[in-house]
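Working notes, structure below.
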Amino acid sequence: MKKGQLFIGALTCLVASMSWGAMFPVADHALEFVDPFYFSFIRYGVVTIMLVILLLVREGKKSFHLEGKAKWIILFGVMAFTIYNVLIFLGQRLMGKSGIMTASIAEALMPMLSIVILWGYKHVKPKKYTMISILIAFLGASMVITKGNISFFFSLGDHLFSILFIFIGVLGWVVYTMGGQIFREWSTLRYSTLTCLFGTAITGIMTAILTAQGYVSVPSIKVIAAIKYDFLFMITLPGIIALLSWNYGIKILSSINGILFINFVPITTLLIMVIKGYNITAFDIVGTLFVIIGLILNNIYQRKEDYKQVLQKEKTNLTIT
């Protein structure tokens with residue numbers, strides 16, 4: 001793989017991760033006015049319309065053919081745009097202000113979950129350096145959020161269902177990220193659009209049923225107007241831009257390497273909290289360094305392995321000739 005491609009892949013994953021890190025503080029304000037179901041449906045309803053128009057213009061009607069992969073498109077769409085987007089914000093809302101950082105640090109679990117899934121389902125044993133890098137990055141993220149206070153984890157028992165919702169949501173996004181590898185022959189735009197279309201449609205159906213049962217209510221125009229800037233941000237940067245950037249980056253780097261960048265989600269959330277008056281501690285600084293070191297180590301070892309493969313191919317070609 002060319003260095004330029006690796007850089008672009010890393011940059012797009014970083015943009016997506018930092019965008020998602022910024023979304024939790026913004027969502028905290030929006031969720032005071034609207035429930036997670038309508039919040040997710042309205043947000044990705046607009047994103048879906050934008051993606052459909054963009055795909056139609058760039059690739060034409062033929063790109064909407066599912067090519068016998070409907071079940072996978074629906075599965076991954078539900079995982080990302082129903083399970084992840086609804087449950088992670090539901091958990092955040094139920095936890096209150098503490099949900100901002102809890103939902104954010106939960107994202108740092110994604111690399112570990114992806115490795116477990118690959119190891120258990122596909123029997124793909126990760127490289128030793130990848131596992132070490134992930135552990136270092138996760139340790140750093142944990143230090144940033146907990147400030148070294150172990151009791152933080154024990155106090156989470158008071159919010160068992162909230163944590164469970166967030167965890168299931170995160171697991172949904174891991175499955176979606178890994179699912180992109182099945183559609184490598186498709187463009188990033190096509191995979192993003194079709195999964196978003198079906199996932200959001202199912203979220204809409206579920207929201208309509210809950211509304212009919214009286215569990216949630218349709219937000220008024222006045223409510224939407226009160227959080228219009230929240231929606232504008234959520235639809236653009238953590239929405240369509242982050243979605244396309246993430247899927248493109250994962251396509252280049254692979255899910256197991258690209259998902260390491262998700263550790264920048266809690267770091268970004270923390271930086272925003274700092275802007276709001278949060279005091280920086282030694283754990284914040286050391287934890288941030290751990291995350292960066294974890295990413296750099298993985299990148300260095302990956303480059304060495306790629307270089308060895310290139311040398312091996314050259315030796316093989318010389319032997320044949």
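Note: Cβ is positioned from N, Cα and C throughout, glycine not excepted.
Listed in Swiss-Prot:
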type	residues	note
DOMAIN	18-146	domain 'EamA 1'
DOMAIN	175-300	domain 'EamA 2'
TRANSMEM	6-26	transmembrane segment
TRANSMEM	37-57	transmembrane segment
TRANSMEM	72-92	transmembrane segment
TRANSMEM	100-120	transmembrane segment
TRANSMEM	134-154	transmembrane segment
TRANSMEM	160-180	transmembrane segment
TRANSMEM	196-216	transmembrane segment
TRANSMEM	223-243	transmembrane segment
TRANSMEM	255-275	transmembrane segment
TRANSMEM	277-297	transmembrane segment
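Residues 129, 132-148, 260-261, 263-264, 267, 270 of the same chain lie 6+ residues outside the transmembrane segment (277-297) yet bring a C-beta within less than 8 angstroms of a C-beta in it. As a quick check, the transmembrane segment (196-216) and the transmembrane segment (37-57) clear the bar of 3 or more Cβ pairs under 8 A, pairs 6 or more apart, so the two touch. Sequence-distant neighbours of the transmembrane segment (37-57) (same chain, 6+ residues past either end, Cβ-Cβ under 8 Å): 27, 30-31, 63-64, 81-82, 85-86, 89-90, 189-190, 192-193, 196-197, 199-200, 203-204, 206-207, 210, 216, 218-219, 224, 231, 234-235, 239-240, 243.
Proximity of the transmembrane segment (255-275) to the transmembrane segment (72-92) is not established, fewer than 3 Cβ-Cβ distances being under 8 Å for residue pairs spaced 6 or more apart. Within its own chain, the transmembrane segment (72-92) has Cβ neighbours under 8 Å at 24, 27-28, 31, 36-37, 39-40, 43-44, 66, 99-100, 102-103, 106, 161-166, 168-173, 175-176, 179-180, 182-183, 194-200, 202-203, 206, counting only residues six or more beyond its boundaries. If you look at the transmembrane segment (160-180) against the transmembrane segment (223-243), you find fewer than three C-beta pairs under 8 angstroms, all six or more positions apart, and that falls short of contact.
The average pLDDT the prediction assigns to the domain 'EamA 1' (18-146) is 89. In the domain 'EamA 1' (18-146), helix, strand and coil residues by DSSP number 110 helix, 0 strand, 19 coil.
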